[in-house]
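J.: This structure is in structure tokens; I'll ask about it shortly.
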Amino acid sequence: MKTATPAWVVSALVGFASLGQEILWIRIVGFANGNSPQTFSLVLSLFLFGIALGSLAGKRACDNQPPDAIQTFGARSLFLSGVVDLSAAWLIILAAGNFLLIPIMACIIIATAASKAALFPVVHHLGGTLGAADTGRSIAWIYFANIIGATAAPLFIGFWWLDRMTSQSIMLALGAITAATGGLLAPKLSRRVALSATGIGGVIAVILTAPHTALYTALTNPTAEQSVGFLLENRHGVIHTLTQPAADETVYGGNVYDGKINIDLINNSNRIDRVYLLAALHPEPRRILVIGLSGGSWTRVLSSLPSVERIDAIELNPGYIYLISQRPTVEPILRDDRVRIHIDDGRRWLRRNPTERYDLIVMNTTFHWRALATNLLSREFLDLARTHLETNGILAFNATGSPDALKTAATVFPFAFRWKDSTFIYAANYDFTSIDHLAARQRIKKVVKNLYMSDKYDEKRLSETIDGLLSKPWISVEEEEKLVGRALETITDQNMITEYRYGRSARR
């Protein structure tokens, strides 16, 4: 290669930048569309299409051209790619809330992939012109370097960088690296100009997209009355909250509703009555497992059950702990010795702790149509959860509108019902629906008292609320099928029907 920078160095840097951008785009597009299971395939398809276009352009640029012309083409392609990457966050911020957002994202993805892929034929052509005896070896080194760069990107960015910087900041950094690589590849006379332009462009991009959370703040698309009260990004995902006057703070995980900061039964803005119901269904739960801590409201109510001795709360994203620590309503669970928070995957934690048994297993599951939701709704998972229940234990989980989740629960448990006017399913090995209303009412009142909320409303209003809660009927599988108008199916790890067959229109 006729430059001071070896071809394998350029190949490695471009591989690193290309895979790094793909990781970021999967996250950004997923955030924009609620992390649907089609996100990965969409972004991958766009990247592959861009790579095909870029490789074709690079090949044509190398046909019957002198090395200096090929080198100039490669430098310009990388510099263009750097400009695309440096301006991407700004363009997304401008398009946020517009129906053209996804098409604009698609165009940027194709452009960044194509402009980087054009370099692969270039570095092979220039790096392989050293002579017949060395051509094979030089091309092998270029391939090897590209693989090393592409492998390093997900490891470095996915496991380290995203815990220390935001996607927006990393995108700008990768854009600067790409443009600087173009400067290194440029002919000697224009190299200084190219590197200077990269530095100036990087500074301008940082100014235009400041602060570093502006990208995701724009994509949350709040209404005129709403504002972002909390936003945290780490390698596990993005958590934010929206606040507005005279309303409870709403929590979002991956830009999808994940609950509200509320423990008030009368207010019930987050349907917290579904967890209060557990106090009526089980007379003395001592050990409780919570899968999905989120904003902590559910765990806060469960910790106020008088008989509770221990709560294990499993949460994949440690960012929720920081959110909880900033919210006085739920912060007490972090100081409660009975509550043990485990940063882990719920399914993996159950497998690693086969001897643990619980009176209640509670999962305020995310939406059934989201990517990987099958892991918490499938027959295989419910079978696993059943092995962790005591004889009189109850499993309660949010089906988020999937009628097939009720059918699945009924294939695992002899008694499984959906609580009317809710999306929550309760399942057990015994019939738990026959409730002593007088005793149940007293248990719920004790929970309210333990939460120091008894002064917020009078006894009559509380009693009326509890009576309304206890009077709601249970929906069986047969009744659910009549309501849906089709035969319900069992969700398995293999068919993933909530994600790929029915999606958001689960009742079709």
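The backbone N, Cα and C atoms fix where each Cβ goes, and this holds for glycine too.
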J.: Quick one: sort out which of 4-30, 193-219 is the transmembrane segment according to TrEMBL.
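T.: Going through 4-30, 193-219 one by one, TrEMBL flags 193-219 as transmembrane segment.
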J.: Look over the recorded stretches 39-57, 102-127, 168-186 and say which has the most C-beta pairs under 8 A to the transmembrane segment (139-162).
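T.: Comparing 39-57, 102-127, 168-186: 102-127 has the most Cβ pairs near the transmembrane segment (139-162).
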J.: The transmembrane segment (102-127): which same-chain residues, six or more beyond its ends, come within Cβ distance under 8 Å?
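T.: Beyond its ends, the transmembrane segment (102-127) has Cβ neighbours at 1-3, 6-8, 10-11, 14, 17-18, 21-22, 25, 28-29, 32-33, 43, 46-55, 57-59, 61-62, 67, 70-71, 73-74, 77-78, 80-81, 84-85, 88, 91-92, 95, 138-139, 141-142, 146, 178.
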